[in-house]
Every structure is written in structure tokens, then in C-alpha cells.
Amino acid sequence: MENRPPTVLSDSGTDSFAVSLPPSNTSKRSYITVAILFFVNLLNYIDRFTIAGVLEDVEVYYGIDKSMQGLLQTMFIIGYMLFAPLFGYLGDRYSRKLLMCIGIFFWSLMSLAGSFIPPHLFPLLLVIRAAVGVGEASYSTIAPTIISDLFTGKRRSQMLGLFYFAIPVGSGLGYMIASGVAKASGHWQWALRVTPGFGLLSVLLIALFLVDPPRGSAEGGQHVSSTSYLTDLKSLTRNRSFVGGTFGFTCVAFVAGALSFWAPQFMMYGIRLNTGNHEIGQTEVSFNFGLITVFAGILGVGLGSYASQRLRTHSVTADPIICALGMLVCAPFLFFAILASRYYPGVTWAFIFFAEVFLCLNWAIVADMVLYVVIPPRRSSAEAFQILASHALGDAISPYVVGAVADAIKRSYSDQYDGDWNDWNSLQDSLYITTFVALAGALCFVVTSWYIDADKKKVDDAIRGSAECGQPSM
């Protein structure tokens, strides 16, 4: 095979300093690379939300309360976020292809191991879920930077939009596959045995077909040299666009984490109270929630990416403003979904759908913002730092916080109410937290819009020049 660097695809009119090479077989490999990364990201989120899809079965099998159920997701995120900075550092300096192969192989083995933990070893399941998060961190910090080194301008936004479609689609499929496999097999553990085989397949696809281009090659920024990790972190913490966007995305992660983990069980209790049928299980509800999440995600990510591409040509501030509007509109839909769940289940599903649509406006846009306000040699570290911050204060704690608050509220109730009413009402009160966090996220993105234009220009100047003459700042 001819040994040459991959073609990088430029969208003319958006990045004048980007490299534009003629179409070739290598350009096809760039699209194949995105397809592989999408596939792995899809598996990532299917695996991440498999436990949530069979949560009632897990509760019965291990005999755990809601705070311990929330801790399952929290432990996963803790492993994920603690190792993200390490993989961010390595991803800026070593073979990204090799790092992803090692991480995905480890994640697949740990995910499979989690399906064999007996009832008396629940703490071991927590440790294994944290280990799954470690493996996934190797991928999530690196994959977006590969896309940024293959494409520029609108084409980069389009490819990132495609990549981030996998988040809501994979999350929704996680619920659907988990509930379907558990129902078909009669054992919830089989739900955890679906993704590992596909994970090993993705390792082969990455090793054989994935393109790992030179860092910054799409923008002609190969000359921008790496600096020490401490220097990288100092620069990122002084980058007000990056910090503001990270806090905004933390609010997105908090809301998404709480909603995705608790909404199916919350709706199950509400439907039981509405219909009087206490035999309704989480399997059917999880399937419905997964289906709604898939379609809401496709619509939300698609609308966000499209709006960004159209409006950014008029103003760079369009991106954070779109994110702010998404969170602002999401909040009332969340509020009324939580309020109406017992009395109008059909209306509640509609409110959840629209809340998720507006929440999903942010995914691809936030990732794109990171890439154009941070210079190429720092992008994996930036992705890792954002993962650490957004998960530490976002979806690492939100399932546990909501579960713990619900448990505390439930303990205050008298025994005159039945179990489903206590469970529903305590979760309802605790889930209202998410509406206020969504409003806080909108404010963070508004603040980001004040600085993003100047910070992007400094990155553009650094890439054009022969040295980092203008640090994205702060």
C-alpha cells in the first residue's frame, strides 16, 4: 500500500488557512474512519445505559435501594472521568489508534465480566463498572480530535454531528436492547453480554482501517508545537470560552444523567398509579423511553448541527447562543413532564420527547466549540479536562444525588401510602432539581458567548503563525 498522509477535507470559505488536497482513495478512508468512530461511540452509549434499562431487575437481584442503584452509574462515571486526563495527555503525544484499541479491548472484557457477579458481591460489580468507565475514557477523549484532524469548517461540523448522533441513538438503543434481551432470555445479565463482542470487532476495524492523521493537519497546524502538560492545563483554565462551555456542558450532563437513569423507573411508577395495574414492569417502559430518546436525539443533534452551520457564518457567538436557548427551552418541558407523569402519561412522554430534543441541541456544538477555541496539540487534553469537569459535577453525581434525595423524602412518608405512590412522589420531588440545573446551564452558555469570538481568533492566529503567538485566553 502506498504510504502517504491522509487527505484532509476542507470546506472552502470557512477556514482559509486549511489544507485542501485533491480527492483520492485516502479521502474515502477519512469517511470510513468517521464511520468506525461512530460505530464505537454507538457501542459506548449502548453499553453505558444497559444497566438503566434493566434497573428494576438489578434492584431485585442485589436487594439495593435507590442510592445504591444510582451509585452503579456514578462508579462508571468516576472511572471514566478520573482516567480521562491520562488518556488526554497520552492522546496528544502518542498513537491514538493504539490507545483506542487497548482501551476498547479492556472495556469489552470488563463489561462482559460484570454479567457474572453473584448477588452477594454487589461491591465487586461497582468496581467493574468503574473499570468499564476507564476503558471508555480512552476512546471518548481521542476520537473527536481525529475527526478534527481530518476535516475543517462546515464539513468538520457535519462529521462531528454524525459522530454525536451516536449519543442519543446509542442511549436509546441501550434501553431497548437491554429490556428486549432481558425479556427474551429471562435473565437481565444477558443484556450485559451484547456489546462486548461488538467491542472486540471494533478493535479490529480500528487496527485495520482507521486513519490517524498528524495532529493539526487539517488546518495546516502541524507546526504548532506541544508544550508541557502543566502549561496545557494553565492555558485551558485561562480560556474563558472553554471554561464557560465546560460549565454549560456540565449542566447538560447533570440533566441527561439524571433523566436517563431515573426516567424509566419514574414513568413506571406513574403509569402504575394512573392505570391501577401494579404488575407493569420496567421492561416495556424502558423500551418506550429508549425509542423516544433515539428519535429525540436524532432530531435534536440534527437541528443543533444544522442551526450552527447556518448561523455561524453570520456570527461566531451563534454556537453558545443555540446551546443557551436549548437549555432554556428544555427546562419548562422537564418541569411539566415531571408534574404530569401520574395523571397524563401520554402527555408526559411528549414533554420528555421535546425536553430531550432541546437538550440534545448541545452535543455536537459543544464539541465543535472546544476544537476551534483550543490549538491542535491541546485538543485531547481539552476533551479530557471537559470530560473530567462535566462528569465530576454532572452525570457522575446526578443519578446518586437524585436517588439519595428520593430516599430521604421517602423515609419522611407515613406507611399509609402504598409503595408505588411513595416511590413515584419521592422521585418526582427529587427530579425537579434538573429543571434548575438546566437554567444554570443556559446562563453558562450565555457567558461563553461573550468571549468566544476573541478566543477563536487567537487560535486561528496561532495556527497561521510559526509559534503560539496568541494563547487562547483568558
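Using N, Cα and C of the backbone, Cβ positions are placed for all residues, glycine too.
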Given ranges 242-265, 386-409, the stretch to which TrEMBL attaches the annotation transmembrane segment: 242-265
Chain residues outside the transmembrane segment (31-51) and at least six past its termini with a C-beta under 8 angstroms from it: 58, 72-73, 76, 100, 104, 107, 111, 129, 132, 136, 139-140, 143, 146-147, 150, 159, 162-171, 173-175, 177-178, 191-192, 194-195, 198-199, 202, 205-206, 209-211, 260
Contacting positions for the transmembrane segment (242-265) when only residues 6+ beyond its ends and CB under 8 Å are counted: 49, 52-53, 55-56, 70, 73, 77, 171, 175, 236, 282, 285-286, 289, 293, 320, 323-324, 327, 330, 334, 352, 355-356, 359, 362-363, 366, 369-370, 373-374, 382, 385-386, 389-391, 393-399, 401-403, 423, 427, 431, 433-434, 437-438, 440-442, 444-445, 447-448, 451, 455, 472
Cβ contacts under 8 Å made by the transmembrane segment (430-452) with residues that lie 6+ beyond its boundaries: 240-241, 244-245, 247-252, 254-255, 258-259, 262, 266, 316-317, 319-321, 323-325, 327-328, 330-332, 334-335, 338, 359, 369, 373, 398, 401-403, 405-406, 409
Intrachain residues whose Cβ lies under 8 Å of the transmembrane segment (350-375), provided they are six or more past its termini: 144-145, 148, 156-157, 160-161, 163-164, 167-168, 216, 221, 224, 236, 239, 241-242, 245, 248-249, 252, 255-256, 259, 263, 289, 292-293, 295-297, 299-301, 303-305, 307-308, 319-320, 322-323, 325-327, 329-330, 333-334, 336-337, 340, 382-383, 386, 438, 448, 452, 455-456, 459, 462-463, 468, 472
Spatial neighbours of the transmembrane segment (98-118) far in sequence, C-beta under 8 Å, 6+ residues away: 40, 47, 87, 90-91, 124-125, 128-129, 131-132, 134-139, 142-143, 189-193, 195-197, 199-200, 202-203, 206-207, 210
